[in-house]
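Colleague: I grabbed these lines from Swiss-Prot:
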type: BINDING; residues: Ala300, Glu301, Thr302, Gly303, Ser304, Gly305, Lys306, Thr307; note: ATP binding site
type: COMPBIAS; residues: 17-30; note: compositional bias 'Acidic residues'
type: COMPBIAS; residues: 35-49; note: compositional bias 'Basic residues'
type: COMPBIAS; residues: 54-63; note: compositional bias 'Acidic residues'
type: COMPBIAS; residues: 70-98; note: compositional bias 'Acidic residues'
type: COMPBIAS; residues: 142-164; note: compositional bias 'Acidic residues'
type: COMPBIAS; residues: 175-205; note: compositional bias 'Acidic residues'
type: COMPBIAS; residues: 220-233; note: compositional bias 'Acidic residues'
type: COMPBIAS; residues: 675-756; note: compositional bias 'Basic and acidic residues'
type: COMPBIAS; residues: 757-768; note: compositional bias 'Basic residues'
type: COMPBIAS; residues: 780-792; note: compositional bias 'Basic residues'
type: DOMAIN; residues: 491-635; note: domain 'Helicase C-terminal'
type: REGION; residues: 1-100; note: region 'Disordered'
type: REGION; residues: 125-258; note: region 'Disordered'
type: REGION; residues: 675-792; note: region 'Disordered'
type: MOTIF; residues: 409-412; note: motif 'DEAD box'
Amino acid sequence: MAPSQKRKPADDFIFTIDDDDELPIEEEEVVAQPPKKKAKTAKKSKKSKRDASPEEDDDEDAVEGIWGFNDDDDGAMDSDFEFGGDETANDNGVEDFEGWGFEGAKKGMRVEKAGVDLDEIIRRRREKKLGKSTENATAEEKADDAEAETMDVDLDDDDDEVLADDAFGMNVASDAEESGDEKEEDDEEEQESGVEVEDDDEAASDNDSVATPTNHPDDDASDASDDEEDAEEEAKRKAFFAPEEENNPDKKATASSFQTMSLSRPIMRGLASVGFTKPTPIQAKSIPIALMGKDVVGGAETGSGKTGAFILPILERLLYRPKKIPTTRVVVLLPTRELAIQCHAVATKLAAFTDIKFTLAVGGLSLKAQELELKLRPDVIIATPGRFIDHMRNSASFSVDTVEILVLDEADRMLEDGFADELNEILTTLPKSRQTMLFSATMTSSVDRLIQIGLNRPARVMVNSQKKTVTTLVQEFVRLRPGREDKRMGYLAHVCKNLYKERVIIFFRQKKDAHRARIIFGLLGLSCAELHGSMNQTQRISSVEDFRDGKVAYLLATDLASRGLDIKGVDTVINYEAPQSLDIYVHRVGRTARAGRKGVALTIAAESDRKVVKAAVKAGKAQGAKIVSRQLDSGEVDALQTQIDEMDDEIDEIMEEEKEEKQLAHVEMQVKKGENMIQHEAEIKGRPRRTWFESEHDKKKSKQAGRDELNGMREEMKKKTGKLSNKDKKRLDLKQLRAEGGGEWRKGKNSEAEMKARHKEAKAKSQAKKAGDKGSAPKSKGKPKGKGGKRR
C-alpha cells in the first residue's frame, strides 16, 4: 500500500487527518473550496473525532466560519434570503412583475423599412399653421399691451369673439386646462350621486340617459325567445357533455391554492415569479380535469385567468414526457397575432424553470426563422390558424402526427364562418386521439358547432360566462339624439379632452374610422396610436408597446384588440359606436377592470345601437353592475364638432400625402424586388412553390362569410341603398333570428316549421292541379273546326 504522504491534495476529493499532518493546507486553498467539499470534510471529521488529538480539536474549533477560516463571506448567498411562502411570492411577484411583453415576437420580426410617419406629417402641418398664427398673435399682443396701459380690461361682446377665435384656433390645450377643473367636479358629483338608470325621469333632451331605452315592439317580441331555453338543444347538451359528477367527483374539495393541486416544483416557482398565489375559479375547476387528460369546454368572464387554466396543466403533463427524442406534443391556436404573442409570453414566463420549449408561429413574423425553430421540434407551438396551415403544408421536416393536446383559445371566434375552412383543415390533419380544450369569455352553447371539433364527452366548465362583465366595471352610456349622429366625433373628442385623458382604449368598427380618428386626434394635440389589420406587424407591436409604456394616452383600435389582450393599467374603454353584438361588447369592455381592478367603459350610442345597448343594460342589471348615464354639454360638443368639420380639407390633404408616400415606398419595394430577382434568379426559381388548401375565390368567399356573420349583412345593404329603413332592419333581425335557430317564428301565430310545411303542401297541390289539367284536357293542335261540319 502506498504511503499517504505521497498523495497530492489536488488528487483527493476528501482529505483525511493523516493527510493534514503530512501536508499543511494553505488558507487560500481552503477558502476557495466550494461548500459541497467542505460539507463532506465535516462528515469525515465527525467519524474520525475519536482518533483526533486535543491540539487538532483546538484547530478544528478555530474554524467557525461557514465557507472557511475567519468566516469570510464570499457573497454566494444573500444573508436576507428566506424560503418564503405565499406572502413572499405575492409581495415580490406582484410589485416587480410589469406585465407581458413582446420579446418572443421581436426575435422573429423581419427587418422592415419604417412606414409612413403620420406623426411627422401632422407635426409639419401644425408647425406651419402655428407659425402663421404666432405671427398674428404677437402683433395682437403688442397692440393689446399698448391699450392695456391706458384702459381697463372690459370683456364685451367684441372681446368675446376674439377669445373665441383664439380658442377655436390653436389654443386647444389651454381650453382643456381651463375647463378641466369644472368637468372633474361635475364628474365627481355624478359619481357620488350615482345617476342610475332607474332614476332617469328628466325631460327629453340631449343630456338624457341612454341607459333606459324605450320599449319597442321588436324588443318585446324577442325577449321571450331569448330567455326561453330550447328543449331540443338542452337534450343535445346532456348527451354531448360529460355529467357534472364525473367532472368533479369531490365538489367539496375546491382548490384554495396552487399547493393543493400537487403541481411540480418548477411550475410553482414559475407561478411565484409572476405573482400568482391563488387559482381563479376557472383555474381551480378546469386544471384538475385537464390533468386527467379529459376534453374541456371552459368559459369565464374576461380577465379571469383562462390562459393559465390551460397552460398550467399542459406544463405539468409535459414535465413527465419522454425526453430522448424531441417531439411536438401541443398546439395552441388563437384568432389574432397579438393574442398569440401574449399567450407565448405567458407560457414562457410560467415555464421559465423548466426545459419545455415553445415556438411562436404567427403571420407578420419571419417565415424562415419559424421554419428553423420548427425543425428542432419544440414541445409547444402557439400559432394563428393561417400560419400554422402554411407550415403544415410547406415547411420541411415539420409533422403534426405526434400532437397529443389541442387548445382553441377564444373558441367561439374560431368557430365562426371566417375560420371554419381553416379550422376544418387543421382538425382533419391532427391525430384523432388527442385531448382538446376550448376556452372563451363568451363560449358558444351550440352543440352542432362543438361537434365539428371532434370532442370526446367533454367536461363543461362555466364560471360566470353567460355574456357577463365583471362587477368592478362601471358602464357609462352617452346618448346621441336623432339628428345628432353626425356629431359623434365631437362627443368623442369632448370625452377625451375633458374626462378621460390617459390609459384609454377606443374601439371602432372599421379600420378607416380608426385611421381618420388618428389624424383628428393628432391635429387636436392628443397623443395616440392606432391598431388595426392594415398595419404591418412591426407597427402593430410598436403601437401596443407605446401605449403600454405610457408614451401615448389613447389606443385607437378595431376589434382586433378586443379579445384577450391584457395590457396592464388600462383605466377606460370607449366604444365610438356600439358593437354589432353583445358578445363583442363583453370582449371590448373586458380590456379594463381585469383581475379584480376597477375600470370604466363608456359607449356613445345612437338610435341604431338601441338593441345592443338594451342587451348590455339588461345583462348589467341582472348581475348588479353599476350602469351610469353620462351627461355632456351639448354647446361644447357642437363647438368641437365645428372645429373638426373645418379640419376636413386638412384631413383629406394629410391622407392624400400619406397615400403618396405609401405609393413611393411601394415602388421602391418593387424596384428592390426586381433587383433581387435578377441577382438571385436561379435560387428563387429553385425554391418549391408554396401551396394552400383553397383557391383565391374560396378565400374571398370565406372572408365574406365572416363579414356577413359579424355584421348581419347590414353594412352590405347600406353600401347598396345608402341607409337602412326600419322595415329592412326588422327583416334582417328576423332573418338572423331564424338563422341562429334560437327562437320561435314571430311573424304569425304559427311556428316556422308549420309555415314551411304549409307552404310545401300548397306547392304540391298546385303542381298536382297542373298535372291533372294536362291529363284531362290536352291542347288540340291546328285550327278549330267550323260549326258547319266536315267539308265534302
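Just so it is clear, glycine is given a Cβ too, placed from its N, Cα and C backbone atoms.
Give me the lay of the land around each of these features.
Modeller: Secondary structure at Glu301 (ATP binding site), as computed by DSSP, is coil.
Shown for the compositional bias 'Basic residues' (757-768): DSSP residue counts in helix, strand and coil, namely 12 helix, 0 strand, 0 coil.
The average pLDDT the prediction assigns to the motif 'DEAD box' (409-412) is 88.
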Colleague: Mind giving me a neighbour count for Ala300 (ATP binding site)? Other Cβ atoms within 10 Å of its Cβ, every protein chain shown.
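Modeller: The Cβ of Ala300 (ATP binding site) has 25 Cβ neighbours within 10 Å.
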Colleague: Let me check the 10 A CB neighbour count of Thr307 (ATP binding site). How many other CB atoms are there?
Modeller: 24
Colleague: Measuring CB to CB from Gly303 (ATP binding site), give everything in the same chain under 8 Å that is also at least six residues away in sequence.
Modeller: Val470, Asp566, Gly590, Ala593, Arg594, Ala595
